[in-house]
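What Swiss-Prot says about this one:
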| type | residues | note |
| --- | --- | --- |
| BINDING | GLY10, ALA11, GLY12, LEU13, ALA14, GLY15 | FAD binding site |
Amino acid sequence: MNQQTVNVIGAGLAGSEAAWQLAKRGIQVKLYEMRPVRQTAAHHTDKFAELVCSNSLRSNTLANAVGVLKEEMRALDSAIIQSADKCSVPAGGALAVDRHEFAQSVTDLVKNHPNVTVLTEEVTEIPEGPTVIATGPLTSESLSQQLKELTGEEYLYFYDAAAPIVEKDSLDMEKVYLKSRYDKGEAAYLNCPMTEEEFDRFYEALTTAETVPLKEFEKEIFFEGCMPIEVMAKRGKKTMLFGPMKPVGLEDPKTGKRPYAVVQLRQDDAAGTLYNIVGFQTHLKWGDQKEVLKLIPGLENVDIVRYGVMHRNTFINSPSLLNPTYQFKQRNDLFFAGQMTGVEGYVESAASGLVAGINAAKLVLGQDLVTFPQETAIGSMAHYITTTNQKNFQPMNANFGLLKELPVKIKNKKERNEEYAKRAIETIQTISKTI
């Protein structure tokens, strides 16, 4: 066992994963988490890896880059993916979890490791010695100021938003049908079909509803993947009909016809009593939220157990500050991980924590750090956030477009993605034997 200690600040998805990767390599870890001593604007519990937005970790198939990313993480013994697999709920081809069971599983896994010491306190200064900063998009003001001084850069910032969660028992199941788009996987979504007239009425209410006002100094920059539904609506009706309310592949089994629009609800807990409204992240005032949602067929008497909220997200300019190892360029024993690096999404955040944890361990053990190759989803994300244009840096999800091009061009997209996936997994399996 190595006696040198690594500090990990933040026990979210990235911090928990980093702590796990360090601990399993025999490194002593001091894991700092300020909750519940000090809560954030979006968290509700003191559990590690609490999911504050959707309960879906997105696609679980190798036809999608985030599915490949998960498979790579399984090969590297990821605590986050291990817990997600254990706490999954039905979601078609996606990996969705019971958020409470999932957070408890991660907490137990990390907290109970003999090499991990948990300190429940707010970190206001960056500690000396090997450190992984994974404080997330809701980093406290005092630490944010420290980071600003350290980096010499102004933060970029944006908002993302959480969708409402509703009780299944309050839905009118006569108007709702169970189906997954194109009948892929098991039927896992509740679908609320709309006629054009119903959609127009809903659209009018949504675009005229009141939102919670933003502070004057705050500038609105939304990441496309978690854009508030009311902001999307103001871009035009078609934005919604080609977005979260897209009816394609969701024909109503009663009529055999495609509705004009569809609102989908996805199971949010293992018991199947709670559902979240897919793509309906919102910052509407709570009274307005309920009135707008009641216009969705089947939700006329809806009981909302958690209203949608919006919170500020903060991330650093990684292209100018980080190496692909997630190591800070100006201090080699300091690593960053999670959404604050500009990776976007639960799985991507955990993957960055995995890399930062592995490399912090390598540093302490006096070994060469690992730069994951661009042939892998993990490596392509690290490469993107550290080499893309500094001036226009924006968060990025895992996607096949980030991976290194195949040596032979394949025109068929499905076949091309299959080849990307095969190469990525073969590459990571080889790497996993050496780290």
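Keep in mind that glycine also has a Cβ here, set from the backbone N, Cα and C atoms.
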### Message
Using a Cβ cut-off under 8 Å and a sequence separation of 6 or more, which residues in the same chain sit near LEU13 (FAD binding site)?
### Response
ALA49, ILE80, GLY338, TYR346, SER349, ALA350, GLY353
### Environment of GLY10, ALA11, GLY12, LEU13, ALA14, GLY15, the listed FAD site - residues of the same chain whose CB lies within 8 A of the CB centroid
VAL8, SER16, GLU17, ALA18, PHE48, ALA49, ALA134, THR135, GLY136, ALA337, GLY338, SER349, GLY353
### Which listed residue (ALA11, ALA14) has most other Cβ within 10 Å, given these are binding-site residues
ALA14
### Summary
Simplified to three states, DSSP reports ALA11 (FAD binding site) as coil
### Message
Return the count of C-beta atoms lying within 10 angstroms of the C-beta of GLY12 (FAD binding site), excluding that atom itself.
### Response
32
### Query
Name the residues of the same chain, 6+ apart in sequence, whose Cβ is under 8 Å from the Cβ of GLY10 (FAD binding site)?
TYR32, GLU33, ILE133, ALA134, THR135, GLY136, GLY338
